[in-house]
């Protein structure tokens, strides 16, 4: 059986949580492989609503192993809080069903402070739209080879040396920003406080996953955010600090690339974005407002209102290529119910010429204008549909046209936040 990687095919918030939860029924292990607690997702199971940010979605499913891989940056205090929150909802979290890579990078208080200060000090038009949770600064320390990693908490005798190495960078940086230096003792106290709460979950994740792979276990890799926020392939610099494309499932978990298997991209039937950056199909009118209101487009973690626009087939086709997507899960089709006409971006105009890809240049990205194809909407409802027969004819035409434009089949269709309201075309674990 193939393993499955789930990645966002837009700018995040595509509904990955529901799809991962749906797929986790057939998975043995669910792995988070990048990002941090900056990308929240909501799971609706029966009458219970779970809001997760760091824990893999499989944690709410009994009998599943959840894994946080080395590609994640981990805020240990947030982890403790999130475990406590879902435990209060009746979810059992123990070292038996949650494993964290021993070489995962930790987010510290100084990372959060630095992140918030930088974003607040940014001038208008340059703000990245960070969640101010320390994700970027933690990744900077990781690639700068000065990060504190989870395994370091298990070696307190050498911790001071590692903190000093970290502060050798942060002290002059903070002085330049007008911030007070952080005493070594404060960081040590922060780490000593949380160490006994998180160390029991530590494991050599790469070895554990390789053993599971050899034993024929089904592994589901859960991406955070979306491919258009990838630090290399996204709308740079308005991106996140990690690689969000499917290939990072291997690097961020410690497995080889052959372990990835089927790649499922998640895309809304329209487009949303949080924070700054280019958005060719963004709507500033009543239609955009209607999409946002009907889709409840507010961030799970931040509560920020999301920008809304029509489906951009050019961008999704691009992420199909850069992530090697085999099939798409199309979500929130029901939000388009009742629109008399629906537009889809099929190309761009750049300086008077038509182009069929999104340019890498920030200046060129700002100059493109969308070329739309207008389709007839539908008066019937798709909400709660669980088979093609329940969909209006025009809704089916819309889905089929999207498949043609993005050059990938729709494997799953989601028609509400409820897990059961899903139309299965291809099972990624079986087909």
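Each residue, glycine too, has its Cβ placed from N, Cα and C.
Within 131, 287, 319, the residue that Swiss-Prot lists together with 13, 14, 15, 16, 38, 39, 40, 41, 145, 225, 240, 304 for binding IMP is 131.
Look at residue 42 (GTP binding site): DSSP puts it in a strand. Residue 415 (GTP binding site) counts 26 other C-beta atoms within 10 Å of its own C-beta, drawing on all protein chains shown. Of the candidate binding-site residues, 15, 42, 225, the one lying closest to residue 303 (substrate binding site) when CA atoms are compared is 42.
When the recorded positions 41, 305, 306 are screened for a Cα within 10 A of the Cα of residue 15 (GTP binding site), the ones that qualify are 41. Considering only the binding-site residues 12, 305, 306, 333, 415, the residue whose Cα is spatially closest to the Cα of residue 38 (IMP binding site) is 12. Ranked by CA distance from residue 225 (IMP binding site), the recorded positions 13, 42, 306, 333 have 13 at the top as the closest. Most other Cβ atoms within 10 A: among the binding-site residues 12, 40, that distinction falls to 12.
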